[in-house]
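Quick look at what TrEMBL lists:
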BINDING   Glu32, Asn36, Asp77, Met82, Ser97, Gly98, Thr167, Arg329  ATP binding site
COMPBIAS  609-640  compositional bias 'Basic and acidic residues'
DOMAIN    25-177  domain 'Histidine kinase/HSP90-like ATPase'
REGION    606-640  region 'Disordered'
Amino acid sequence: MTQKGTIGVTTDNIFPVIKKFLYSDHEIFLRELVSNAVDATQKMKTLSSFGDFKGELGEMNVTVKIDKTAGTLTVSDRGVGMTEEEINKYINQIAFSGAEEFLKKYKNDANTIIGHFGLGFYSAFMVAKKVEIHTRSYAENAQAVMWSCDGSPAYEMTPIEKDSRGTDVVLYIDDDNKEFLEPERVAALLQKYCRFLPIPVVFGKEQEWKDGKYVDTDKDRIINDTAPAWTKKPTELTDEDYKKFYSELFPASDEPLFWIHLNVDYPFKLTGILYFPRIKSNLDLNRNKIQLYCNQVFVTDSVEGIVPEFLTLLKGVIDSPDIPLNVSRSYLQSDSNVKKISSYITKKVAERLQEIFNNDRKLFESKWDDLKLFMEYGMLSDEKFYERAQNFALLKDTENSYYTFEEYKKLIESNQTDKDGNLIYLYATDREAQYNYLEAATSKGYDVLLMNGQLDPHFIGLLEQKFTKSRFVRVDSDVIDNLIRKDDKEKNTLTATQINRMSTVFRSQIPSLEKAEFIVVFESMGETSNPVMITQNEFMRRMKDMAAMQPGMSFYAEMPNSYNLIVNIDHPVVKKVIDQTESVCGAELKPLEEAIASSKETISQLRSAQKDKKPEEISQEDKDKLASAEKQEQESEQKENAVLTDFATQNSSIRQLVDLALLSNNMLKGEALSNFIKRSVELMK
Ligand code: ADP
Ligand code: MG
C-alpha cells in the first residue's frame, strides 16, 4: 500500500532553498551519498562481526552508475538498508529549528547547512528533480520499500520487490545539472572525494586496449584505495611506502625531506601524515597542500584555521572525525577541539624535527637548506614553535658549517664580544659580492654567518630580540675594527685642515651614481688593510631590504643608498696623497685657508652681535659687513675647492683608489669602468 505524507519540515519548503542558494558546492552531493552508502556497508560489517547478522555478507562494494538515457545517477550499496519505519525516522523527520534565519546567514555555504541540519541525504536535491530510495533492510523477511520525492515536501512510499539487501539511491538529474551525467565529471568527483574511502567504490569497468581503442572489460573498476598509508601503523610502513604515498598525493613533486605520521586517540581522534617539502622560495605557492579527511572522506584542501598558519607550508593528509567539518570557518577558529588539534600538530612537528636532529645530525644538516625557510617562517610566526625549535634550528656560516644557536654562541663568544660586552654576529648575504669584507673578517679570526634566505632580514630581527646583548652586523656595513669595537686604543688621526683637504680631494673623484650618496670618512686601519673601502650603514640597508619586501614602506625604498667611502690613513698610498697635497698645493692653500678662517671668525662675531636684534634694528653697515664676509668666505672656498679638485684630477692615483673601492663593490659600471681600465693600463707604462 502506498503511503503519502509530508516531510517534517517546519520551514515551508526546504527544497527551493537547497536548490537555489547552494549553487557553489553542488558537487558535494556525491560525497554525501557515497559516504552514506559506505556508512551503511560498514554498519553491516559490524553487525556481522558481532554475530547480530548470521547470513552471507556477499560482495560489499558501493557502486556509482550513470544512465544518460534515463537521466539518472544511482548510488548502490549492500549495506544495512532501511525498513519503512527507518525511512520515516531517518529520512522523513528532519527537524529544522530556526531554519530560516540560519539559511539566510549561510546561504552560500552548503557544507555548513548540510552539517547543521544533518542534511547529507537531502543534498541530492541540489542536483536532482526527483529522488528515489529503493531499499531492503538486512532484517530477516524485511519488506523492501521505495521512497520517492519530487522536490516538494510531499513524498510517497510503496512496498516493492527487491532481491538484494541494501539501498539504491536514484537521482533524476535536473536540467541545470546535466554535467553530473558525464562519466569524466563523475569520475573526477569520485577521485576528489572518495579516493581513500574504506569500502571499494565501483564506477564503470576496467578498460583494455583492443583493436586500436580502449574497450570495457568485465571487471569492475574500483576507484579508491581502501587502506591509504595514514590509516596504517607506522611500524607497518617503510620509507618507500611513505614516499610512494607522497607521490600518489602530489605527483610531480620533489621527494619530501622528512615526514611525520600523526596518530592520537585522546583527547581527540586524529591520524595523518605530514610531509616537509623542499621550499627554496615562493612561500605562497606552497600553500594549501594539506588535505583534510573525515573518516577517509575528503572534505577540503584549505586548512587555514585548523592548522597554524606556518604549517600550511607542509603537505599531506589529516583525518579526524573530531574536527567539526560541516561548519563555517569562523566557527572553526573558535572551536576548542580545533585549537587543541592545532597545538598538538605544532608540538608533534617540532618533536619530530628534534628527533631527527638528535638521531641523525648529519642527515638533518644535509636537508637544512631546504628546510630553513619553513623553520624560519614557523619561528617568526609562532612563539610556541620558536621555543621548541631554538634547540635544533641551525645557523650556517660562510664555511658551510652548521651550528645550533647555543653552539654558535659558544664559538664566537670569546673573539666577537665588543668592549661593551655585546656579542656581535657577523653575517654576509653574498659570498662573492662581499668577498673583500669577508676576508677581512676571517683574517681577524671572526666567523661570518651566511644569511642569504628570503626571510633572513626578518629572522635577524627576531634573533636580535631573542638573544640578549647581541647584535647582527653585516660584514660590509663598516670597517672591520668598527664592526666589533674591541678597545679605544689611540689611533693615527688627521688634523682638521688635513681632513678638510682630503675630503675635498676624494669627494671630487667620486663619480656620480644613480641613487647613491657618499660620505667620506677617515679611519686608521693599519698599513695592510685596503686603502679605500665602501660600506653601507646597517640600519639604512635593513630598512631598504624590508621596504623591498613590504609594499607599504616605499618611503625607504625611494631614498638613495647612503655609503661611506672610508679612506685608510695608514695606507702608504693614502699617506703619499696626503703628503703630496701638502707639497703641491700647501703654499697656495695656506692663504686661502687663513682667509676662510678669518671670514668665518668675522661672520660668527657679527652673527652673535645681531642674534637678539630684529632685522630693522640692525644698521645697514653691519648688514653689509656680514654680506661681504660671507661673500669672501664663499669665494675663498671656491678657490680652495678648485685648487684641490685640480690637484686630485691631475693625480690619477686618487681616482684609481676610488674606482678600486667601487669596483670591489660591483658599483663601477659603464663609462666609469671603461675609463678605469684605460687608466690602469696607462699607469703600467
Ligand atoms: P547522516 O549521514 O549524517 O546521518 P544523512 O542525511 O546523510 O545524515 O542520512 C540520514 C540517515 O539516513 C542516515 O543516518 C542513515 O540512517 C540513513 N541512510 C541514508 N543513506 C542510507 C543508506 N544508503 N543505507 C542505509 N541508511 C541510509
Ligand atoms: Mg550522511
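Even glycines carry a Cβ here, placed using N, Cα and C.
According to its DSSP assignment, Thr167 (ATP binding site) is in a strand.
A Cβ distance under 8 Å defines the sequence-distant neighbours of the compositional bias 'Basic and acidic residues' (609-640), meaning residues of its chain 6+ beyond its ends; these are 504, 589, 592-593, 595-596, 599-600, 602-603.
Taking a Cβ cut-off of under 6 Å from any atom of ligand 2, none of the binding-site residues Asp77, Met82, Thr167 qualifies. Mean model confidence for the domain 'Histidine kinase/HSP90-like ATPase' (25-177) is a pLDDT of 86. Neighbour counts were taken as the number of other C-beta atoms within 10 angstroms of each residue's C-beta; across the binding-site residues Asn36, Thr167, the minimum falls on Asn36. Here the compositional bias 'Basic and acidic residues' (609-640) has, by DSSP, the following mix of helix, strand and coil residues: 26 helix, 0 strand, 6 coil. The candidate set comprises the binding-site residues Glu32, Asp77. Of these, Asp77 has the most other Cβ atoms within 10 Å.
Met82 (ATP binding site) falls outside any helix or strand according to DSSP and counts as coil. Sequence-distant neighbours of Met82 (ATP binding site): residues of the same chain at least 6 apart with a C-beta under 8 Å from its C-beta are Tyr90, Ile91, Ile133, Thr135, Ser137, Val145, Thr167. Secondary structure at Asn36 (ATP binding site), as computed by DSSP, is helix.
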